[in-house]
Amino acid sequence: MRSVLSLALLAVNVVTAAVVAPFDYSGYKVIRVPTQKDNVKEVQRIITDLNLDTWKYPKSEGQNADIVVPPSQISSFMERISGMNIEMMHEDLGLSIRNETSFEAYSAGYAPDINWFKSYHSYQDHLSYLQDLQGLFRTRSEYVDAGKSHEGRTIPALHIWGSGGKNSKPAIIFHGTIHAREWITTMVTEYMAWSFLSQYNKNADITSIVDNFDIWIFPIVNPDGFAFTQTSNRLWRKNRQPNPNARCPGRDLNRNYPYQWVGPGSSSNPCSDTYRGAQPGDGTEIKVHIANMKKIAANKGIAMFVDWHSYGQLFMSPYGYSCTARPPTDARHQELSRIFAQALKAVHGTPYKTGPICNTIYQVNGDSVDYALEVLKVKLSLTAELRDTGARGFVLPADQIIPSGEETLAGTVAMLKAVIQG
């Protein structure tokens, strides 16, 4: 994956890796080509022949190809796709990124409110925000340094509880930003944390949820990759862990979990965005997260795990590794997915598709959802692809943060109410 963007004022917690020169995406275009039976093979050939990056690769007919085209290839690309339908996602990707990354300044000690969600923020400001937010609700929450990334950055978490007290109820675990470029997931998981804390004893549904569950929110599962997207490469996906005897760093952390690790839903190529790692669970951050989940499970168990991603507007259930196998709890997973999608749509009209991961988006090996369900024995394990469906993709404008948070919270509240009701 190519690199992008420098934010001169970004503070980085720890710097142990070599500085990578930022790349300017000015003039790059992101173009969607819908595929069908008569053009999917040709679209695949064009991507290969021109050595183009993709945000979405069309593995079969009917899937969209979201293609990043550099200025030097635009003429050749447009000639090759002549006669095909296309949609322009970003006319100038560099301009879109500059608009997205106009971070609002944050002063530590500020009383967090809705204004935080009007902008994206630096990694260091996220740490300050989470500590400030927790500081307003000290009697029923804690800020946790859950462990360190490969480069030594803090993996932050908020732990929230209700009337029963700390560690007295089955846990809910939310993960965000396991894929570094999916910035909207950082903001949406923080929006839910803010809502669970600030609306407790004000909103009956939220109060019931917080009283019935021990809530753990990890907004930045992959801090090294996240920081890297803000200094060098806006479209970076993996962590930043070096790979022995390979020029390409990083593991796809959501292909590194030690369950059904090998298969067509991951790659053995260190330069692939879906590189599974050298061994199951060898990602530094995965070791941290597995240790945390096991520790949480040892209290009252884990009632639900949700791994938040973008983009695609999907809410999905196990399995990722197989398109034919189904867990015994499949019917319940499907029911809760529909409840989530219906309640979410009622807020802003945003449609979500639901279904098993492998059948709904693509096959995935070594993913968090399958691992949580089958190894940790989490009762309900789910994943989401947040806004949008491709109009802006990974570079989602900041004015969509609040509506994304509002609708995702509504879907989550409806789903958890259904879990409480049994």
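Keep in mind that glycine also has a Cβ here, set from the backbone N, Cα and C atoms.
Residues or ranges marked as active site, proton donor/acceptor by Swiss-Prot on the basis of sequence analysis: E385. Sequence-distant contacts of E385 (active site, proton donor/acceptor), defined as residues of its own chain at least six apart whose C-beta falls under 8 angstroms from its C-beta, comprise H309, S310, Y311, G312, Q313, L314, F315, M316, I361. Annotation note: E385 (active site, proton donor/acceptor) sits in a strand segment as assigned by DSSP.
Residues annotated as Zn(2+) binding site in Swiss-Prot, with sequence analysis given as evidence: H179, E182, H309.
DSSP assigns R255 (substrate binding site) to a helix. According to Swiss-Prot, the feature substrate binding site maps to H179, A180, R181, E182, R237, N254, R255, S310, Y311.
Feature annotation from Swiss-Prot assigns disulfide bond to C248-C271; the stated evidence is similarity to another entry. Around C248 (disulfide bond), the same-chain residues at least 6 positions away in sequence with a Cβ under 8 Å from its Cβ are P270, C271, Y275.
Swiss-Prot lists 119-419 with the feature domain 'Peptidase M14'.
Swiss-Prot lists 1-17 with the feature signal peptide, giving sequence analysis as the kind of evidence.
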One residue among the binding-site residues R181, H309 has the fewest other C-beta atoms within 10 A of its C-beta, namely H309
Since the record lists R255, C271, Y311 as recorded positions, which of them has the fewest other Cβ atoms within 10 Å of its Cβ?
-> C271
Row E182 (Zn(2+) binding site), column other C-beta within 10 angstroms, all chains, value 24
Can you tell me how far the Cα of E182 (Zn(2+) binding site) sits from the Cα of R237 (substrate binding site), in Å?
-> 8
Within 8 Å of the Cβ centre of H179, E182, H309, which other residues of the chain have their Cβ, at the recorded Zn(2+) site?
-> T177, I178, A180, R181, T185, R237, N254, W308, S310, E385
Distance between H179 (Zn(2+) binding site) and R237 (substrate binding site) at the Cα atoms, whole Å?
-> 5
